[in-house]
Amino acid sequence: MRGIDLAWFALVALTLLSLGTSGVAGALSPALILAVAAAKAITVLRWFLEIGEASRGWRLLLDVYVVAICATIAGIFVIAGQFAAAG
Amino acid sequence: MTDAAVADTAEEIEEGWGPLDGLPGNPMMWILILGEMLVFAILLAGFSIARALHPAEFAASQAHLDPLLAGLATIALVTSGWLAARALHSVRRGGTGRPQLAAAMLIGSSFLVLKGIEYGREFASGIGIETDTFFTLYFLITGFHALHVVMGIIVLAIVAWRNNAENIETGTAFWHMVDLVWILIFPTLYLLR
């Protein structure tokens, strides 16, 4: 099995995992869901888009893009939840 | 202009993309890809801020969505992306890449069918783009993305026709961007509760 085939298998498995995790209550759930999304996005970048063959700067920029979006969404979600609980 | 001068000018044009030259496929496509990635990042951040401002309204509206259907759509899109990646591998080994691209387009189209089923259910329940802020943003983000899926299938059809390695690399790069953006939309709109 080649790298892109394993990447596809991982993407399907992670999608099923995120569907399962979404039903779990608790503060860890949003972070886990978005960590899984980030792992999937980086898998697409590495194996399908072959960004590993681009320069270090591009690899870093695109990884930072994925991590920054997921961290921003998770951060807003968690902070808003804490405000709602306090209010 | 002498032949040597013409060749030099052509070489300068070919090497005139600076850092974009280091990315797979045509640099022009990457200008589009990076622009679209930025637009979707802003849309998802905007959606998250709107949810933080109206948590109860967003939670009630989100309950109408079907994460399982969206999950199936995700699997369809990543499978289509995998087939597109296999098309590039095939053409590099001397194949045409056409069977893989045809399969990628077919499975990519199933994403649109699933999206149609989802929208159909919502419209049948009386939900529309003006129902509330959640559904305005939901239809805007998912509709804009679906438009990219349509464009992506057209791009895949073009590169299947003109199937050299550079064209397939360029066309599939756009398709993988569509895939990547959906991977970020899916948890943000459907899973975070």
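Keep in mind that glycine also has a Cβ here, set from the backbone N, Cα and C atoms.
Noted in TrEMBL for the protein shown:
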type	residues	note
DOMAIN	B:29-193	domain 'Heme-copper oxidase subunit III family profile'
TRANSMEM	B:28-53	transmembrane segment
TRANSMEM	B:65-85	transmembrane segment
TRANSMEM	B:97-114	transmembrane segment
TRANSMEM	B:135-161	transmembrane segment
TRANSMEM	B:173-192	transmembrane segment
Distant-in-sequence neighbours of the transmembrane segment (B:173-192), which means Cβ under 8 A and at least six residues beyond its ends: 23-25, 29-30, 32-33, 36-37, 40, 44, 47-48, 62, 65, 67, 70-71, 73-74, 77-78, 80-81, 84-85, 104, 108, 138, 141-142, 145, 148-149, 151-152, 155-156
Considering the transmembrane segment (B:97-114), which listed stretch of B:28-53, B:65-85, B:135-161 counts the most C-beta pairs under 8 Å: B:65-85
Positions whose Cβ lies under 8 angstroms from the transmembrane segment (B:28-53), at least six residues beyond its ends: 20, 133-134, 137, 140-141, 144-145, 148, 170-171, 173-174, 177, 180-181, 184-185, 188-189
